[in-house]
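Feature annotations, courtesy of Swiss-Prot:
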type: TRANSMEM; residues: 22-42; note: transmembrane segment
type: TRANSMEM; residues: 58-78; note: transmembrane segment
type: TRANSMEM; residues: 86-106; note: transmembrane segment
type: TRANSMEM; residues: 116-136; note: transmembrane segment
type: TRANSMEM; residues: 148-168; note: transmembrane segment
type: TRANSMEM; residues: 170-190; note: transmembrane segment
type: TRANSMEM; residues: 224-244; note: transmembrane segment
type: TRANSMEM; residues: 278-298; note: transmembrane segment
type: TRANSMEM; residues: 313-333; note: transmembrane segment
type: TRANSMEM; residues: 353-375; note: transmembrane segment
type: TRANSMEM; residues: 406-426; note: transmembrane segment
type: TRANSMEM; residues: 431-451; note: transmembrane segment
Amino acid sequence: MSTSTQNIPWYRHLNRAQWRAFSAAWLGYLLDGFDFVLIALVLTEVQGEFGLTTVQAASLISAAFISRWFGGLMLGAMGDRYGRRLAMVTSIILFSMGTLACGFAPGYTTMFIARLVIGMGMAGEYGSSATYVIESWPKHLRNKASGFLISGFSVGAVVAAQVYSLVVPVWGWRALFFIGILPIIFALWLRKNIPEAEDWKEKHEGKAPVRTMVDILYRGEHRVVNVLMTIAAATALWFCFAGDLQNAAIVAVLGLLCAVIFISFMVQSSGKRWPTGVMLMIVVLFAFLYSWPIQALLPTYLKTELAYDPHTVAQVLFFSGFGAAVGCCVGGFLGDWLGTRKAYVCSLLASQVLIIPVFAIGGANVWVLGLLLFFQQMLGQGISGILPKLIGGYFDTDQRAAGLGFTYNVGALGGALAPILGALIAQRLDLGTALGSLSFSLTFVVILLIGLDMPSRVQRWLRPEALRMHDAIDGKPFSGAVPFGGDKSAFVKTKS
């Protein structure tokens with residue numbers, strides 16, 4: 001960038017079409033967040049009406065994560081083949097219909113299935129919206145694009161909490177899900193009023209359709225085997241999270257089966273770059289394991305252990321959600337300043353100072369608890385706003401939506417496991433201690449995985465001939481691509 005360009009405020013580097021693209025995707029992500037967190041807000045009410053155990057109730061949160069890997073794969077491939085815009089609209093319609101079905105659910109099984117539909121739509125929205133905005137903005141602003149976009153999910157959670165305090169005490173929990181149908185109107189507007197992402201148009205204009213992940217897996221020579229493996233993975237996940245299996249050994253075997261299937265899909269679709277894809281799934285898995293016990297079970301903790309009424313719960317969740325939203329935006333600035341990986345590590349380290357006090361002070365002072373949650377979520381959860389940018393940089397444009405969608409949403413199974421882990425540990429400890437200890441310990445795993453750039457490092461160890469040296473989104477070097485003490489003369493002298 002020239003000196004004169006650097007002196008221009010960052011927001012003036014964006015034209016009206018780029019701002020419109022961002023605004024549309026951000027609103028879509030807000031609605032996604034609104035619909036997705038509704039179940040966490042009314043979990044105790046649903047549990048009471050359906051007569052569920054705590055673990056069964058937590059599995060309703062997990063259900064949306066179980067289907068996400070397939071939604072990310074299918075809708076991501078749609079985005080790679082037909083454009084990011086169509087995938088985004090389809091995703092919004094899917095999760096809206098699933099939310100409406102939750103409102104009519106007569107029992108546990110029906111609601112579980114509706115949550116599976118929500119998960120598919122949410123996965124598609126994540127992959128398509130993230131790639132859409134990132135590919136529409138200039139390269140030097142793409143951490144901001146990612147962080148600002150993901151803040152919409154947290155804002156949606158804040159809005160949902162406020163609507164919960166107004167609607168549920170008067171009309172009951174089902175009314176909250178009926179409101180979730182409104183995003184369909186927005187989806188129809190999107191289809192007619194937003195342009196396609198610039199990177200995608202440049203890559204595909206006048207060219208034959210790309211061979212997507214769906215083509216490789218379900219139209220290639222191994223299509224029959226892959227269909228059978230897809231059914232096997234879906235069945236195994238169903239039994240793990242909804243089958244009420246009491247035998248830990250069986251659950252472990254089913255989990256291992258799913259891992260083998262997902263790695264097989266990654267090897268087939270990514271070729272020699274499969275080590276990068278597998279490591280990205282592991283990064284996301286632990287990112288969800290450290291963050292989602294709090295995201296999913298904080299409302300339950302506030303209502304049961306702290307005995308807060310709906311109005312006070314909404315107050316505290318406002319601080320939490322608003323902190324995460326602010327953190328996404330702050331993370332965007334940090335990422336463009338320090339580099340994506342360095343910003344991630346610094347923010348998570350700072351968040352560790354706050355996680356224990358959040359669950360140690362009790363509920364006597366709502367304002368102190370709210371402020372602690374605000375800053376903890378700003379630093380710990382908000383930095384995940386640049387995770388799409390981090391993941392997307394490992395994939396080329398023609399595979400980015402499916403690559404991001406699949407790796408992220410397979411890893412997001414950590415979000416399915418997280419609330420159940422929290423609920424199980426809470427059977428021996430109090431819920432607050434369970435949530436705090438899980439988050440504190442697992443955050444360090446994410447710090448190591450991202451700080452050491454393990455996707456590039458493992459790629460270098462296993463298949464060095466396919467090693468990518470630079471981020472495909474912003475061109476910055478991958479620190480894990482060169483051994484410690486190795487020759488880094490090939491790197492561009494820029495922040496990493």
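For all residues, glycine too, the Cβ spot is worked out from N, Cα and C.
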For the transmembrane segment (22-42), distant same-chain residues with Cβ under 8 A (at least six beyond the ends): 14, 60-61, 64, 88, 91-92, 95-96, 98-99, 102, 115, 118, 121-122, 125-126, 129, 132-133, 136-137, 145, 148-157, 159-161, 163-164, 168, 173, 176-177, 180, 182-183, 186-187, 190, 193-194, 295-300, 317
Remote residues contacting the transmembrane segment (86-106) - C-beta distance under 8 A, at least 6 residues beyond either end: 25, 28, 31-32, 35-36, 38-39, 71, 75-76, 78-79, 113-125, 127-129, 132, 174-178, 180-184, 186-188, 190-191, 401
Long-range Cβ neighbours of the transmembrane segment (224-244) (under 8 Å; 6 or more residues past either end): 56, 59, 62-63, 66-67, 69-70, 109, 112, 217-218, 251, 254-255, 257-258, 261-262, 264-265, 268, 413, 416, 420
Contact yes or no, the transmembrane segment (353-375) and the transmembrane segment (313-333), 3+ Cβ pairs under 8 Å, gap 6+: yes
Contact check, the transmembrane segment (148-168) vs the transmembrane segment (58-78), 3+ Cβ pairs under 8 Å, seq sep 6+: no
Long-range neighbours of the transmembrane segment (278-298), counting only residues six or more past its ends (CB under 8 A): 37, 40, 58, 61, 65, 262-263, 266, 316-317, 320, 377, 380-381, 384, 387, 391, 394, 407-408, 410-415, 417-419, 421-423, 431, 434-435, 438-439, 441-443, 445-446, 449-450, 454-455, 458-459
